Amino acid sequence: MPELPEVETVRRGLEPVITGAKIVSVTLNRRDLRFPFPEAFSERLIGRTIMGLGRRAKYLLFHLSQNETILSHLGMSGSWRIEDDFLRERSSTVSKFVKHDHVVMDIQAKDGKVYHLTYNDVRRFGFMLLVDTRSLYEHPLLKKLGLEPMSNAFSGSYLQEVFVNKKISLKGVLLDQSIVAGLGNIYVCEALWRSRLSPQRGAFTLALKTECARELAASLAQNIRNVITEAISSGGSTLRDYIRTDGSLGYFQHSFSVYGREGKECLHCGIPIVRILQSGRSSFYCSQCQK
């Protein structure tokens with residue numbers, strides 16, 4: 001599933017082209033994705049201007065004129081791409097994914113050039129909703145989200161606050177979207193390895209009123225920031241179906257220290273990385289370095 005860095009990479013790839021563009025036409029190649037498309041979806045979009053493109057956690061927010069926002073989630077395999085006529089013709093002949101193009105918007109940019117904004121989703125777990133922009137952040141999908149890991153308020157102190165009395169694992173708490181918005185399995189595994197913290201460790205141990213606990217919480221917060229920043233710079237991680245807006249691949253997976261490296265040597269101590277299941281998800285870690 002695309003996580004925060006992948007979604008932010010999509011946002012950064014689309015934003016310069018689509019901001020200020022007018023939606024000229026909308027083609028839906030099916031009636032639904034995970035959920036049915038909003039009623040009269042195409043008709044409601046045609047003629048609108050895309051005022052900007054935001055992100056909250058793993059959601060893309062296409063802000064439109066007339067106070068509506070397309071709330072888009074990529075699901076397990078969704079992607080957006082932007083093409084002119086030349087690139088679209090080329091992709092239609094070389095890409096095995098074109099048959100999974102479910103939404104195509106023709107948009108006219110501020111300079112008059114026409115682009116094709118396409119949503120592709122092999123597994124169809126993504127979805128799009130139309131939401132009133134004026135009450136956007138009161139929407140049930142957004143209202144209870146926690147802090148963004150790149151926000152100024154995200155810190156070791158914040159983690160200590162939310163870890164108080166949490167007997168569940170560090171990994172379990174960090175994957176809770178009401179506590180940290182946008183983090184997923186890959187980057188939690190990577191940040192915990194950098195922090196030398198076991199994914200099985202009780203979260204409450206970092207909330208203790210000791211200097212050691214404060215230092216561990218501060219280190220974890222910083223390593224989460226670092227992993228996210230580096231992944232965005234690399235264009236995200238290409239696992240299974242994820243591609244960037246220009247059709248190219250993300251490269252952060254080449255920098256994984258633990259994720260997907262079961263049986264390979266720990267880059268710090270040399271013993272084999274192990275994989276365990278936590279709540280049905282794979283956790284990769286070094287049993288010697290991470291305590």
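Each residue, glycine too, has its Cβ placed from N, Cα and C.
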Any idea which of 82-116, 222-256, 257-291 is down as zinc finger in Swiss-Prot? 257-291
At a 10 Å cut-off from the C-beta of Pro2 (active site, schiff-base intermediate with DNA), count the other C-beta atoms across all protein chains. 26
Counting only residues 6+ away in sequence within the same chain, which have a CB under 8 Å from the CB of Lys166 (DNA binding site)? Val173, Gly202, Ala203, Phe204, Ala207
Using DSSP, tally how many residues of the zinc finger (257-291) sit in helix, strand and coil. 0 helix, 12 strand, 23 coil
Shortest C-alpha distance to His100 (DNA binding site) - which of the active-site residues Pro2, Glu3, Lys58, Arg281: Pro2
Glu3 (active site, proton donor) to Lys58 (active site, proton donor) - Cα separation in whole Å: 6
